[in-house]
């Protein structure tokens with residue numbers, strides 16, 4: 001990776017294939033993330049009305065919020081192994097429809113704590129594969145250089161879901177009595193039906209692989225595969241390749257003559273052969289063998305196959321000799337993704353990328369010391385994030401009525417009707433709390449995009465995770481002081497800072513995980529980090545609710561969340577494996593990051609397989 005600014009990834013314009021992928025995939029992923037989080041966190045708004053029931057209190061709410069993550073954690077890895085077997089185009093719409101149906105059932109069948117816990121557990125099970133599946137698809141379509149921004153957009157959409165959820169929930173809660181349903185029932189029902197609609201769109205539009213992506217031209221696919229395979233080590237080469245891809249696509253579209261196409265293709269083939277020779281690979285007249293995606297993140301979900309991409313430029317009306325000449329001269333031999341799951345059981349992909357069994361992927365992931373380190377960091381981060389996601393509306397409601405230092409959630413042991421009104425508040429205060437809750441998450445959405453762009457521009461992850469957590473943790477630790485002084489506006493700003501810190505750092509964090517995954521373990525590594533990390537998602541809301549129920553004050557819960565954020569900041573900032581962003585990226589690209597005993601056998605196996613492939617071609 002060059003050191004000059006002219007060769008830096010941010011100096012070159014965004015390549016056309018990446019722009020097309022942004023436009024085609026990111027709206028789908030944003031829509032999926034929004035409905036996922038609407039279904040997951042609508043309970044935070046429904047609780048404002050559920051607290052008027054005789055079975056709902058802070059303890060039930062905290063346990064119900066946390067039990068979601070029991071199913072979520074247990075089914076993360078199994079769900080993603082099924083994704084590898086069935087393919088994202090089938091599995092993602094299927095589980096999206098499943099948790100949409102769970103949301104509908106929540107509206108109709110919640111009658112008490114038992115049904116409440118059961119449906120929250122079912123929601124966690126069905127949602128378990130959504131985010132790791134999205135991240136894995138990103139790894140199949142985006143090279144390392146361009147992957148942080150997609151991650152940040154996806155994570156920003158979580159905050160966007162909170163912005164949309166607040167006014168939508170406020171409006172739906174006001175429809176109480178419609179068709180004999182309570183406001184919280186209408187809320188769950190509307191979000192479930194919206195999720196089912198998104199599942200149908202995903203099934204229709206989501207591509208199975210680069211090879212089947214209709215929004216990419218043949219030249220775009222060649223360029224993307226070469227980038228994913230690590231051929232263009234410098235961004236200047238990448239920009240030149242992108243320009244060549246655009247030029248090639250334009251020539252195909254205008255229908256060049258056979259002679260012109262032959263000359264253009266001969267030049268392109270020489271350029272391609274030069275990259276192949278520099279990478280130590282050999283090219284035959286019929287096919288090109290390429291290295292697997294990023295050397296690590298495709299795993300057993302991907303098979304590479306040499307195909308011909310250029311048949312669409314040959315004319316069916318040409319003479320046989322002319323057609324033969326055109327076919328010979330316009331054939332672009334390239335490796336493209338061939339879908340999912342067909343490599344299971346094979347020793348290696350045709351690229352030399354180690355194709356591991358499900359058990360090998362799991363064991364290699366849990367022997368990767370950096371992945372284990374990031375699992376713990378994710379758990380700490382999610383204690384804060386999920387604790388805030390579920391409790392911010394209730395905390396804001398307490399700030400509005402000045403009861404944040406005393407019990408502000410309905411306790412079923414209280415028999416006083418006036419007490420219930422004080423704890424739950426009227427419709428007006430509920431509406432204000434719901435709408436104000438969108439401000440911290442809206443700020444977090446903007447911050448996530450800015451932080452993601454900054455991380456990608458500098459090719460740095462550690463500081464972009466650690467510093468915001470440090471600032472957010474300090475702000476949340478000061479919140480009790482603001483409450484004691486009855487300074488509600490500064491207190492609200494402290495809550496906003498904490499939400500921004502916990503939420504906006506997620507994009508750079510997943511970029512860190514993506515580069516730390518061992519060869520052949522990308523999908524399982526992402527799922528494992530999210531799965532183990534979401535143990536914090538279980539403990540965060542649960543501990544918040546239990547402490548609030550036991551003490552009658554938000555202050556101990558606030559201090560706990562602030563302390564956890566500071567611990568996460570310390571883990572990120574004190575990690576010494578990443579000396580500089582560019583050097584870190586270089587180590588990852590060369591497969592030398594974190595030389596642990598667990599990764600050496602994988603790299604040795606990969607090198608042996610590459611040598612065997614070279615000998616086979618010769």
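Each Cβ is built from the backbone N, Cα and C atoms, and glycine gets one as well.
Bear in mind that TrEMBL entries carry predicted annotations, made automatically and left uncurated.
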Stretch carrying transmembrane segment according to TrEMBL (options 399-423, 524-548): 524-548
Per TrEMBL, the range holding transmembrane segment, considering 359-380, 491-512: 491-512
Residues of the parent chain within Cβ reach of the transmembrane segment (554-575), under 8 Å, 6 or more residues beyond its termini: 373, 376-377, 380-381, 383-384, 387-388, 391, 395, 398, 404-405, 408, 462-463, 465-467, 469-470, 472-477, 479-480, 483, 498, 501-502, 536, 540, 543-544, 547-548
Result, the transmembrane segment (431-453) in contact with the transmembrane segment (90-110) (3+ CB pairs under 8 Å): no
Two-stretch contact, the transmembrane segment (524-548) and the transmembrane segment (431-453), at least three Cβ pairs under 8 Å: no
Stretch of maximal Cβ-Cβ contact with the transmembrane segment (117-137) [cut-off: under 8 Å; candidates 60-78, 157-179, 491-512]: 60-78
Sequence-remote partners of the transmembrane segment (491-512) [C-beta within less than 8 Å, at least six residues beyond its ends]: 135, 147-149, 151-156, 158-159, 374, 377-378, 381, 384-385, 388, 392, 395-396, 399, 404, 436, 439-441, 443-444, 447-448, 450-452, 455-456, 461-462, 464-465, 468-469, 471-473, 475-476, 478-479, 482-483, 526, 561-562, 565
